[in-house]
Ligand code: CAA
């Protein structure tokens, strides 16, 4: 990083939904051996949004503790990354900006490139801080993952938001140069504007992800990045946690290391704890992996962590971060566990009803049932406008 000041993740906080559907319930409903879910794809449960929750309520709930701890001084930009957008024009970040009471002297924008959007937001934030090191950027990555009921993708749904404060002299992780980047025009997963649920070619998407791992690692190496052996752990995008294992084995093979399962477990083992019970949170997933790693690992001070962010369609980026001395004093481990443990199990019929729930498009006054108990809720829709409330 030369003589330039260190920039990276100063604080990280996540939020998820009111409800959770255990995979045992899904398996019982569709007659699948639960081993396919627990072992085959590596998922135990998935977060399910209540009728009065969405990407805004989760994003605001993730970001509120950051603003409480650090205030809003120096935050002149909010970048909201999502691929489950609620509006084709207005940034979901503006609702979050309003719910958090951030100053009007702020630019707010929404970013999209499938699950890669959170990493684009982080990298763009670093660029802004590099230009003016007195500024800090609030990055929010928030998604509700939705596939068709009774489709193979159904077991890989989930929902969560991660908020990160990006600035100089970060308390958690310094993000390093260089990055390895990769783009390929593939139709592995997409969601046309007229659809709520994503379309996906499951096997093609796995192949496209592995190709992107190779491509972004190749560019990372060519840009003068670290050697594979220098990393203490790897945070992969986790559409389902077994995907991280597939990707890492692929990378090891590609680099001529062979696949030593002890090494794979050591490199990834602690990164899957949250995604395993939350499910796919798209843009947030790679940063939930980081939260799980930091919250559980023995001291990682000074160690390098590799990040592989993949967004279908497809764009990928491999980059490194170094864990900062004293980082453990700034973690939110207890709050993260509470966000997961407070979820209420939901029955299969209720889950399906929530999955199919949508507002009528008639511009009328539609209230949502008060189901959620988090700090923010979607109270309803009035004249085509979403109405949010803080508790
Ligand atoms: N016990 C243990 N394991 C079992 C089992 C059992 N009883 N039954 C099956 N399995 C194993 C299978 O052997 C398989 O393992 P391998 O992949 O190691 O061979 C695994 O469970 C899954 O089985 P299938 O491949 O038969 O599962 P499927 O066809 O029903 O679908 C899926 C799996 C393609 C991931 C599907 O859930 C899907 O389409 N998901 C959405 C797409 C996705 O997540 N793609 C990931 C890459 S794209 C991306 O990362 C972007 C993004 O966020 C979407």
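Any Cβ shown, glycine's included, is placed from N, Cα and C.
Keep in mind it's a predicted model, so treat the numbers as computed, not measured.
TrEMBL lists region 'Disordered' at one of the ranges 336-356, 357-377, namely 357-377. Counting only the Cα atoms, the space from residue 237 (active site, proton donor/acceptor) to residue 115 (active site, acyl-thioester intermediate) is about 8 angstrom.
Mean pLDDT for the domain 'Hydroxymethylglutaryl-coenzyme A synthase C-terminal' (179-252) in this predicted model: 97. Mapped onto three states, the DSSP output places residue 115 (active site, acyl-thioester intermediate) in strand. Taking the C-alpha positions, the distance from residue 280 ((3S)-3-hydroxy-3-methylglutaryl-CoA binding site) to residue 115 (active site, acyl-thioester intermediate) comes to 10 Å.
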